[in-house]
Amino acid sequence: MDTLVEDDICILNHEKAHKREAVTPLSAYPGDESVASHFALVTAYEDIKKRLKDSEKENSFLKKRIRALEEKLVGARVEEETSSVGREQVNKAYHAYREVCIDRDNLKSRLEKISKDNSESLRALTEQLQCKEVELLQLRTEVETQQVMRNLNPPSSNWEVEKLSCDLKIHGLEQELELLRKECSDLRTELQKARQTGPSQEDILQDRDVIRPSLPREEHVPHQGPHHSDHMQHAYWELRREMANLHLVTRVQAELLRQLKTAAAGKACTQVGCVEDLGRDSAKLHLANCTAAYKRHPPLSPHGKATCYAPPSTLPGDRKAFSDKAVLQSWTDNERLTPNDGADFQEHNSYGRNSLEDNSWVFPSPPKSSETAFGESKSKILPSPNLPPLHYLDQHNQNCLYKS
């Protein structure tokens, strides 16, 4: 305002100066000067008044503007005061987001590290697996080669086991052989007793045809006189025949024991000739047609002599020797006709699997007349017809032992 007033005064002064410079010719008159000064004051006053109005308008506009700015400032302060809680939440959210980003970066780094470790471990495991597969393949090939070598060359342990089993079998066979020897000794003693107490063989040959028809009726009756002697002599012949068979069995068992011992010593390499001999001996013992039984302790007669029953024969007395020869010849033919497949030796059922249990011994009996081998004869084995059956039986036993 002061500047404006000063400007107005200056303007007045300039006007005055300008007016003073433009002196009119009538300036000498005092009335004209008063009119001019009055006119200048009026114009100056009007100009000042006009300027004052303008300044008042401007001042009111500025006040309005200041008031509006003050209102805006107050509103901004109120907004700032009200938005302080939101800012805190925004700050918290920002800090949380920053922490989450940091955790994400850490997890990414850990994941990369773990994936790298896993790839390395997987690579190492695959290499180990390949090595193990190669080792397993090598072990399989080694096992297969060892199995092939074992099949070709069995180890000593298997031979030892086989040797032990063979020794056990040999021990069992030796025990059976001892039992058979005891049986043979008992039978020999009984035969000697029967030979001492029995009558002559010629009387038995004369009385056999007369006594045989009466045998079925006297089966359960004690025998006396020539009938009893005939039965005793017949039992003697049967025992002699079975003794020959037992002797053959013992010879074959001894042969088998020797073969088993040689097989165990030679690592179970069985010779072809031994197998053929064993099959031949087993064929000799294959007496499938014979089923006669002999009791170890026969009942005694009232006179203190052992009684024995023999089945009746349908052949006449004059053909008795020929029938016995045919029996022996049929045995030899059956022995030769028996097939031999080279299998292991097996004892036949004809001589007593249960001999140690029921106190009895089962012997082979003569074949029946219905068999095909019955009646066949060979001149090189049969003795002269003048010899009694006992003598040619001994000769036949000797021939069998010689062949065995």
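The backbone N, Cα and C atoms fix where each Cβ goes, and this holds for glycine too.
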> Pick from S282, S323, S330: which does Swiss-Prot describe as phosphoserine?
Replying inline: S330
> According to DSSP, how is the region 'Interaction with TBK1 and IKBKE' (229-269) divided among helix, strand and coil residues?
Replying inline: 37 helix, 0 strand, 4 coil
> Per-residue pLDDT averaged over the coiled coil (40-198) comes to what?
Replying inline: 88
